[in-house]
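Novice: Before anything else, here's the structure in question.
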Amino acid sequence: MTAVASGATVRPAKRGWSFLAPTILPGFGTAFGFTLAYLCLIVLIPLGHMALRAADVGWDRFWAITLAPRVLHAFYVSFGCALAAALINAVFGLVVAWVLVRYRFPGRRLIDAMVDLPFALPTSVAGIALTAIYAPNGWIGALAKAAGFKIAFTPIGIVIALVFVGLPFIVRTVEPVLQDLDAEVEEAAASLGATRWQTFIKVLLPAILPALITGVALAFARGVGEYGSVIFIAGNIPAVSEIVPLLIVARLEQYDYAGATVIATAMMGVSFLMLLGINFLQRWTRSRHAR
Amino acid sequence: MAIEIRNVEKTFGAFTALGGVSLDVRSGELLALLGPSGSGKTTLLRIIAGLDHADAGEVSFDGQDTRDRAARDRKVGFVFQHYALFRHMTVFDNVAFGLRVKKKAERPAEMDIRRRVGQLLEMVQLSHLASRYPSQLSGGQRQRVALARALAIEPKVLLLDEPFGALDAKVRKDLRKWLRHLHDDMHITSIFVTHDQEEALELADRVVVMNHGQIIQVGTPAEVYDTPADSFVFDFLGGVNRLNGVIEGGVARLDGKAVRVDGEVGPNGPAVIYVRPHQVELDVAPGDGVPEGKWSARVSSLHAAGPVARLELDLAGRALEAQLSRDRLSDLALDVGSWCTVDFRHARVFPAKN
Ligand SMILES: Nc1ncnc2c1ncn2[C@@H]1O[C@H](COP(=O)(O)OP(=O)(O)O)[C@@H](O)[C@H]1O
Ligand SMILES: [Mg+2]
């Protein structure tokens, strides 16, 4: 035998998934039944009902409504802007979280509290505030105008509004993970010759990634569903800066209930697929990184 | 590589973690930093590695000042107390890390990296676990991954912070022997931190005893054990009898009788006499009272398993431990309750702390 005993405390192989694996918590049946009933009542029944109503219009009309250029463009704007905003937040939200966790400076508490403002504000307040500065007569808007482009009333404005509402999602999901990072791991990387950048890319980022993806998913989902802060700054110009939720409201105002329901159902479908995709991505990074 | 440490100071706020530490580490030696928790051992190790900056003083490697060399340029292998392994990397990738982050010009080809990591894993006897993640390993295995990872960059100095601290007794002993062999094979200048005197005395070429951010004594294990510099070292190394006596006019006295002591005798006043158990000499008690200059004691317990017998004695109300060979014990025919005379072959005296 070798000189060093391998005190073999190795994790047992993953147990097969079993629906009724023995658990120490009592009342599984009751709790599970309650969960199902609750989810049905709150989520499944209303959404299912809407989908059924949409099915009433028939397959051909469903697609005709959904694939109309104006509707397609609204989808493009809604999901595109939400994704862009979520990715922008991924970078800058990470920086904000990093600064809040790693540095001690006067005013840190204040900044910390400010991060949560987009959570707390009614979104219409945010919309009005943002429009006021980004409109061509607002002071940032005027600068942009002088430089030859517009922010408010274009998709850029929408992205800015969504960056605003999405920021806390990234910061607050990444923050605890950053706090838990072991400073010694970074020191180990440094003593092995890694630069700050290599340490960040190879050691820190993989540790943060699962949380970062969760934050991006939340910010993205929020962005897709956002209404209040967007409608002011977007200007809602059809085929330019019109988002899907607004289109639905517009249809309702024209008493086109069928159209509204169809678009809403399509939106739900796409959102669900995207969240599913993000979920898989998360599981994949977790299984790779957080063993 | 030789390391010279000159008057290094480090404070944290108002707290002095290192108060002017100077030390020469010889090239190729295995040095132990021994001291109680909080004595500044880790701080000193981190300053050598460049993970912390000294407030004053200097550290040089082979005569070259290291002030402007960042940790990553020092080629110092550091094994952290809690290993600090990269959790999301396999054992293999952990060990390969130091090679893969080298500058393009110095980075070995991927094939050479594989070969080198393979060798290192073989050396630490973990080849079969190369594709495991750290969370799937035992403490001793993680420790060896951390060691292999540090050795991968072919460091000039290896620093180990409490390398055996978190392991259970059996693994500890094995790993200790193994590290000594490894050091004998590789001859990298190595410094390890420990608060376990047995570990330091058994493993190191030289031992540095620290307390309150100061170096109290530097010497070979034998020197430190046989001639402790002061009462702290005596107390910390343990395995010693402490007998309350007095110093009067340059003579140490126990119950009025003079004790022959090595080294200095302090100023008049209460004092503590230190005697190691194997320096206690026992003799059969003569029928007619205690001989001149000796003491009388009664055996209160006796452990005679193994080659050495351990006796607990009662010397005028004080507990005294003595060690002697089994042969000597049977010559003396001592048993629990019997009386004997006591003398001290070597003893030291230090003024009592109030
Ligand atoms: N970063 C730090 N901030 C404040 N105090 C510290 C810091 N690092 C160490 N100390 C203090 O310095 C003293 C010496 O610490 P350390 O070198 O870790 O001791 P040892 O390793 O011998 O147990 C301890 O009392 C500890 O509380
Ligand atoms: Mg320590």
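A Cβ is built for glycine as well, from the same backbone N, Cα and C atoms used for every other residue.
Where the annotation comes from TrEMBL, it is an automatic prediction and has not been curated.
The domain 'ABC transmembrane type-1' feature in TrEMBL is assigned to A:75-282. The annotation transmembrane segment is assigned in TrEMBL to A:24-52, A:73-99, A:119-139, A:151-171, A:200-220, A:227-251, A:257-281.
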Novice: Need a quick answer: max count of Cβ pairs under 8 Å to the transmembrane segment (A:200-220), which of A:24-52, A:73-99, A:151-171 is it?
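Specialist: When the Cβ pairs under 8 Å are tallied, A:73-99 comes out ahead.
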Novice: Establish whether the number of Cβ pairs under 8 Å between the transmembrane segment (A:151-171) and the transmembrane segment (A:73-99) reaches at least three, counting only pairs separated by 6 or more residues.
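Specialist: These two stretches do touch.
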Novice: Is the transmembrane segment (A:119-139) in contact with the transmembrane segment (A:257-281), using three or more Cβ pairs under 8 angstroms as the rule and ignoring pairs under 6 apart in sequence?
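Specialist: Checked: the transmembrane segment (A:257-281) vs the transmembrane segment (A:119-139), no contact.
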Novice: Please report, as numbers and ranges, the same-chain residues at least 6 past the borders of the transmembrane segment (A:227-251) whose CB is under 8 Å from any CB of it.
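Specialist: Sequence-remote neighbours of the transmembrane segment (A:227-251) are 69-71, 73-75, 77-78, 81, 122-124, 126-128, 130-131, 134-135, 152-155, 157-158, 160-162, 164-165, 257, 259-260, 263-264, 267.
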Novice: Using Cβ atoms and a strict cutoff of less than 8 Å, what residues sit near the transmembrane segment (A:119-139) while being 6 or more residues removed from its termini?
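Specialist: Hits for the transmembrane segment (A:119-139): 145, 150-153, 157, 160-161, 164-165, 168, 226-233.
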